[in-house]
Each structure stands twice: as structure tokens, then as C-alpha cells.
Amino acid sequence: MVKEYDYIVIGGGSGGIASANRAAMHGAKVILFEGKEVGGTCVNVGCVPKKVMWYGAQVAETLHRYAGEYGFDVTINNFDFATLKANRQAYIDRIHGSFERGFDSNGVERVYEYARFVDPHTVEVAGELYTAPHILIATGGHPLYPNIPGSEYGITSDGFFELDEVPKRTAVIGAGYIAVEVAGVLNALGSDTHLFVRKDRPLRTFDKDIIDVLVDEMAKSGPTLHMHANATEVVKNADDSLTISFDNEETITVDCLIWAVGRAANTSGFGLEKTGVELTERGNIYSDEFENTSVPGIYALGDVTGKLDLTPVAVKAGRQLSERLFNNKVDAKLDYTDVATVVFSHPAIGAIGLTEEKAIAKYGAENIKVYKSSFTPMYTALGDNRQLSTMKLVTLGEDEKIIGLHGIGYGVDEMIQGFSVAIKMGATKADFDNTVAIHPTGSEEFVTMR
């Protein structure tokens, strides 16, 4: 017997949860399938535990670098990593509980088993068949290992969250968000951490002026940055340490190797070939601006599509899809332009819109004007452990519409959200100039640049 629903959601990550709940709120009969822990990458091995670890690193930096400058004579007797890990997991467990309460409140049925397509509108789960006119694929992605000898001796970001102690010596290989964040956390928690990137700087999609500040801060406080370094081999030694070789003839021996060299979409293992759904050249599921795949009635969003691998993007896309399918908002869709983002580096980076380089490439240098301010945040200014903060506005045309806003420094991670609203609304430099600053704050620099 086939069980009938209005909406089947395959994947219990951020996008799937958001879409399932919104559809049920509009009266749809919804069932969600997830073979792992509810919450997906973000809650279990991504944003949430990463941010907890970043906060732990912030506490360490405060104690080691700034407490003395504020007059506190601090003696650190011990750092118990097990306590941090246990409290982190307890926090995640509470989030799991909130998801379950939300499902119950909205009437979302769920089965914590893997689903598998048997045809474009039917899935099999634990021997039962389920069908619906609308099926969402929100299966997320997974971290990759490089194809080099010995790569299996390293771990990925998933394995980072399984560590039971801070490694004495760590190599992090990669140049994106995950690599920079993990390396920064381990460095702050006391590991001798080395970050290896293949090209001339990490976070190459971010504004160069901002990343230059990050690179300078790494040179002062760590992690040790190695550029133009592409790993070629990993050897496991008799004492379980790892020796990594690079194409620039550099070698390093560490206790822990973390790969952060990219992610791939989860498109196998659930019968996708039975549907006829098309994949992109990169192996992601193709979906259009309305999250439609190539097969009517099947939709895809989040990391499995490779559009923007950010949790709030998946959440918003999922809700908009359900508004369109179950609340008669036929034009509802996510605007993927001007999405703000933050890197929880040390110090944090925030950005929305075009970098200076991309703005010039798109509109021509003659149409772009850039404003920039650099200063020492007050929190770090009392003693010798000063951090630089840089903020930047990229404007277009005579009316100086702000098409890019970028910052690095203490507190930037909490500043960027409010400014992103202004950018989405089309704010100009004059709008910022006409805004009275809040003093003394770091964010006032964005509205006082000349």
C-alpha cells in the first residue's frame, strides 16, 4: 500500500526543515525523511558547533591576550577540552529538541530513515512506499579528500568535531571558510597550527584589502600561513605522526591533518537515477530560480544544488518554495544576489555585494569609487596586542549606490546583518553620510568615511 502525501521532503537539514514546516503551516500533509541526525551539516558538523568552538577560542584570546591589559591577573590552571566538547553537544541536543517540538506543532511527520526513489513521485523507506505530487531534495553535501597518496590519514571538518583533545601540531589544508575558521580556532586553543593554501592568499573570493589584513594578523598571532603549497603525499610515521609533502618541496610533520579542500553534493545512494533529474557539470542537482529541477514536481535547494552553500540561503529558499507551492504565492523565490556572509576568522570578516576587483571588472574603473577606513578597535587598543580593523565601501555611479560593503575586525560579525538590509534596499553613500553614528563603536566607521 502506497502512503499519500502532499509534500515529501528528503533531507532533514536546514533547508528541508524550513520548507517542511512552512508547507505544513499552510495545511499541507508533509513527511520528512532523514537518515542521520536532524539538523544536517549546519547543526551537527557545521555552523553551530563551529561557532561554539570560535567562542571558545575568543575566550582563550581574551584570557591570554587581553585580560592583563584590563588589569586582571589571570592564572590559567587548565583547559579541559572534554568539558567544551560535552557542553557543545548538549547545546546541539537542545536544538534537536527544538526541531522536534516545531515538527509536532506544525504537524510534520518524519521518519528517521534513508529514502530512495523508485520513480519520480514515489520513494521507498524501510520497506514502505510513499508518494506525493511535490518532492523536495535537500540532501546537502559532504567534505572531500584529495586524490593523493595517504590522504586517508587526515580528517575533514566532520572529523574535527570528533577530536577529543587539541592536537599539539596541526596542519589545515585549504583556503576557504572552513580552513580559515578551523585553523584559527585550533591556533587560539593552543595547537601549533599551520594553514596551507594553494595560491597566493586564503579566501580569494573576498576583497583583497580585507584579506591582506587577515594575512598580516596571521603573521603576528598565527596560525602560520604557507602559500603556494599544494599537498602531494601524506606518510604515517611509526609514532602515528604524519609527514606531509608539498609541490614546493616543503614538508611538515604534525599530529593532526585536517582537509578543507571543498565539498560535493550528496546525489548518490537514494535512487536519483530513477527520476531523470539532471545534474550540472560539477555534479550538483540543477534547479532553476524557483528551485524546480528538470523533472516536474521535483525540487532541489541548499548545498545539493551548489548555488550558495550557506544555511540561511537554504532556509529562505525552502520557505519561499513552500510559499509558492502551498500558499498561492506563484512568484515566491529567493533572490540570490547580495547575500551577506561572515567568516569567523580571527578577527572576523563580513561582506555583502561586490568586491572592488569584481565591481571594476563589471562596471569599469571610471564608474567605481571606493571608500576605506582602517583603525584599531578600542577593545584591542589598550596594550600591545592590537588588531587592525579595515572597513570598505564600494560605490557605483554618480549617485554612489553602495554595491559592496566589506569589513574585518573585532565585532564585524555582528555588524554586517544590519548593513545588509540597507544594501538590499539600494542605499547610497549619501544615505550613510546622513546617518548619525553611534559612538564609540566600530560600526560607526561605515557611516563616517570620507
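Cβ coordinates come from backbone N, Cα and C, glycine included.
Secondary structure at Arg319 (glutathione binding site), as computed by DSSP, is helix. Note on Arg319 (glutathione binding site): other Cβ atoms within 10 Å of its Cβ, all shown chains, come to 19. The glutathione binding site annotation in Swiss-Prot covers Ser14, Arg319 and is backed by similarity to another entry.
Here Swiss-Prot flags Ser14, Gly15, Glu34, Thr41, Cys42, Lys50, Ala115, Asp303, Thr311, His439 as FAD binding site. Secondary structure from DSSP puts Glu34 (FAD binding site) in coil. Of all Cβ atoms in the shown protein chains, 23 besides its own fall within 10 Å of the Cβ of Glu34 (FAD binding site).
The number of other Cβ atoms within 10 Å of the Cβ belonging to Cys42 (FAD binding site), over all protein chains shown, comes to 25. Under the three-state DSSP scheme, Cys42 (FAD binding site) falls in the helix class. Residues annotated as disulfide bond in Swiss-Prot, with similarity to another entry given as evidence: Cys42-Cys47.
A coil conformation is recorded for Arg198 (NADP(+) binding site) in the three-state DSSP classification, outside any helix or strand. Taken from Swiss-Prot, the feature NADP(+) binding site applies to Ala175, Ile178, Glu181, Arg198, Arg204, Gly262, Asp309, Val342, supported by similarity to another entry.
Annotation comment: Swiss-Prot describes His439 as active site, proton acceptor. Under the DSSP three-state reduction, His439 (active site, proton acceptor) is assigned to coil, being neither helix nor strand. In the structure as shown, the Cβ atom of His439 (active site, proton acceptor) sits within 10 Å of 7 other Cβ atoms.
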Checklist entry - Of the recorded positions Cys47, Ile178, Arg198, Arg319, His439, which one sits closest to Thr311 (FAD binding site) when you measure Cα to Cα? => result Cys47
Item to check | Coarse DSSP state, helix versus strand versus coil, of Val342 (NADP(+) binding site) | outcome: strand
Checklist outcome for this item: Same chain, |i - j| six or more, Cβ under 8 Å of Gly262 (NADP(+) binding site); the result in sequence order is Pro143, Leu144, Gly174, Gly176
Item to check | Rounded to the nearest Å - Cα separation of Ile178 (NADP(+) binding site) and Ala115 (FAD binding site) | outcome: 29
Item to check | Residues Ser14, Gly15, Glu34, Thr41, Cys42, Lys50, Ala115, Asp303, Thr311, His439 [recorded FAD binders]: greatest CA to CA distance in Å | outcome: 54
Item to check | Under 8 Å by Cβ from Glu181 (NADP(+) binding site), counting only residues of that chain that are 6 or more apart | outcome: Lys50, Trp54, Val343, Phe344, Ser345
